[in-house]
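One structure below.
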């Protein structure tokens with residue numbers, strides 16, 4: 001009797017845990033079936049699975065923005081650590097607080113609904129960028145580490161771009177996608193395809209693929225040279241003297257990148273590097289000055305201890 005009672009209880013619990021059965025979906029008619037959207041699944045960061053932290057919680061805020069803005073965006077210091085919390089780059093940490101300004105490296109970016117025609121923009125302001133031109137906190141203005149940026153306006157929008165050497169507020173710059181039969185007479189700061197520029201032009205902010213945005217010749221004071229054009233391509237000499245062949249539809253900016261004297265900055269003391277967010281490395285690799293090591297000096301002049309007789313002057 002006890003065994004039968006226990007068997008009945010187990011059978012009842014099994015029936016209660018099974019739950020109602022789902023009805024089978026109706027069979028589709030023969031023939032080509034419609035493309036039905038698949039149900040969306042939750043992202044990996046929302047699932048109850050163990051793993052690394054989601055990227056958007058550790059990356060700077062500007063990496064998670066979907067809309068462009070000219071206002072400075074807050075940045076979170078990483079200390080040389082990646083999204084897993086492990087140190088990937090040593091010697092990084094501290095430094096003055098900085099904010100990021102979103103730079104548009106694609107000069108031929110049209111407004112929504114605008115046709116692909118040449119357009120003009122006006123330079124409003126030229127200033128340093130703390131994320132690209134590192135100056136110490138409280139230091140006087142001077143040559144920094146990288147290029148200046150310029151705020152330009154045209155139509156119903158504003159954007160930040162890399163400034164050229166002689167760019168000043170009030171200048172007008174032209175952005176054109178057309179390649180004519182004759183080479184254009186472009187001025188500094190204009191953006192044209194390489195096929196529209198004359199051979200020998202100094203360029204910067206060069207694209208590797210059309211429409212991808214500038215990836216080459218963006219450092220301060222650098223420039224490339226348009227050497228020649230062959231069969232729909234252009235050959236450019238990079239600042240490293242290396243030759244690069246790209247399509248003639250790739251866009252480049254005329255002129256040299258701003259802040260030419262960036263390499264003449266004098267740090268002066270170790271504290272200025274700490275302002276810039278650079279931590280000291282191990283003492284084993286510190287550069288030693290002239291006090292260390294053997295010195296090879298010239299021999300001192302000979303000193304005589306012999307008292308030679310003096311020669312009297314002949315009268």
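In case you wondered, yes, glycine gets a Cβ from its N, Cα and C as well.
Quick caveat, the model's predicted, so the values are computed rather than measured.
If you look up TrEMBL, you'll see 80-175 marked as domain 'Large ribosomal subunit protein uL2 RNA-binding'. Model confidence over the domain 'Large ribosomal subunit protein uL2 RNA-binding' (80-175) is summarised by a mean pLDDT of 85.
Residues or ranges marked as domain 'Large ribosomal subunit protein uL2 C-terminal' in TrEMBL: 186-305.
Per TrEMBL, the feature signal peptide maps to 1-23.
Assigned with DSSP, the residues of the domain 'Large ribosomal subunit protein uL2 RNA-binding' (80-175) fall into helix, strand and coil as follows: 0 helix, 32 strand, 64 coil.
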